[in-house]
């Protein structure tokens with residue numbers, strides 16, 4: 001048990017600081033923006049300090065644990081803790097949220113509410129990744145919905161209300177299954193419900209009941225990850241959201257679903273996970289092909305990037321359901337890698353829109369001459385997205401491939417077939433990404449756009465782009481940094497699978 005409540009501070013600081021925005025007199029949008037950035041940076045520095053000094057990388061057990069009695073009526077505890085599985089997503093959350101807040105500079109309407117919602121999302125994300133209680137996990141899961149809905153509905157594009165409504169219907173509807181699964185596990189074979197992850201992990205269930213629990217959690221996490229065919233909210237949401245919101249969606253929100261698949265489905269319901277693994281690997285392979293093919297046909301820039309996110313999450317799904325050491329480590333690396341790359345691509349698409357006011361690729365062209373810095377950053381990060389060697393995505397996808405091949409659960413021919421289909425998906429990736437670069441930056445100049453918007457990337461845009469690019473290159477050169485966080489925890493999870 002940790003003597004100092006680090007995790008409670010990390011969860012409570014952003015939203016508490018957000019409430020202060022409404023308490024203090026309004027001093028202008030600039031003051032609010034820098035105050036929010038200061039809170040995000042302070043949170044990130046505190047997390048880095050605490051994890052550097054108090055987290056032991058070689059310990060697979062839950063660390064920095066905190067447990068406080070919250071509701072006496074049904075023995076509900078505020079229980080937090082982190083391990084190698086949650087450490088990476090927490091640091092990713094702090095990093096991306098800080099940069100997304102800096103990227104939100106053009107926001108001037110209802111600035112106080114906007115920045116409060118950003119900080120509220122920050123608290124919810126940290127709370128979810130550090131939760132060690134099923135009900136607390138659900139509360140933090142739900143805490144995300146209202147801020148994202150308002151960010152979409154109030155600061156989105158022309159179809160923002162449609163996209164926001166579609167988002168809330170999908171995510172809130174799927175959350176019902178998450179709650180049902182949590183209550184089912186808590187009340188099973190006990191008059192006094194327990195939501196504790198550790199207790200639930202040691203519980204055994206009848207096969208039929210475990211499958212029902214598993215399906216409930218799977219639906220909730222499949223919507224958020226997303227997994228086809230429950231992905232259709234994502235392109236519309238990304239297509240209409242402000243690019244700072246897109247950074248949070250692509251960088252963190254999608255990772256919550258993948259994290260839930262490992263933390264709950266894989267760790268708590270191992271037998272059902274084994275039963276569903278063959279089917280979900282097939283779904284993951286189809287998702288890579290389908291989303292990559294669909295992305296090539298998208299004329300809207302942000303929707304093309306959104307479908308590329310769906311395709312890349314297919315590798316995460318395959319890694320999780322390979323039930324192998326290399327596959328699961330590759331999936332975790334893909335979660336981190338795509339968090340950076342997806343956020344960067346949406347940021348660059350948004351800064352491009354700020355200048356040319358165009359969203360359709362067939363209306364663009366010739367931007368390389370007009371905006372060479374944006375062209376350079378867009379090109380480098382697009383190459384990172386297609387898994388160029390030396391970038392983080394290369395090792396993530398390569399290790400997932402190795403995970404499929406070395407998986408002991410599957411026969412040789414199915415493994416070869418899945419590997420082949422997945423490899424075809426990696427061939428489609430450069431097709432839609434390089435086509436996107438060609439349509440945007442080469443060809444004829446933008447005669448139908450106002451010349452006043454033709455200014456290149458400024459210091460803010462360059463700082464955000466380079467800040468994201470550096471960890472992408474660093475992980476690509478030295479992926480062991482991420483593997484060192486997760487390898488012991490992955491080994492502990494797979495110890496529940498006799499063929500791992």
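Just so it is clear, glycine is given a Cβ too, placed from its N, Cα and C backbone atoms.
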Swiss-Prot annotation of transmembrane segment - which of the ranges 330-350, 351-371 it falls on = 330-350
Request  = Choose the correct range: of 188-208, 272-292, which one does Swiss-Prot annotate as transmembrane segment? Give that range.
outcome  = 272-292
Note = If one takes Cβ-Cβ under 8 Å and requires six or more residues beyond its ends, the residues near the transmembrane segment (416-436) are 281-282, 284-286, 288-289, 292-293, 295-296, 298, 301, 304, 307-308, 311, 314-315, 318, 361, 382-383, 385-387, 397, 400-401, 404-405, 410
Query = Out of 211-231, 272-292, 463-483, which stretch touches the transmembrane segment (242-262) the most, going by CB pairs under 8 Å?
reply = 211-231
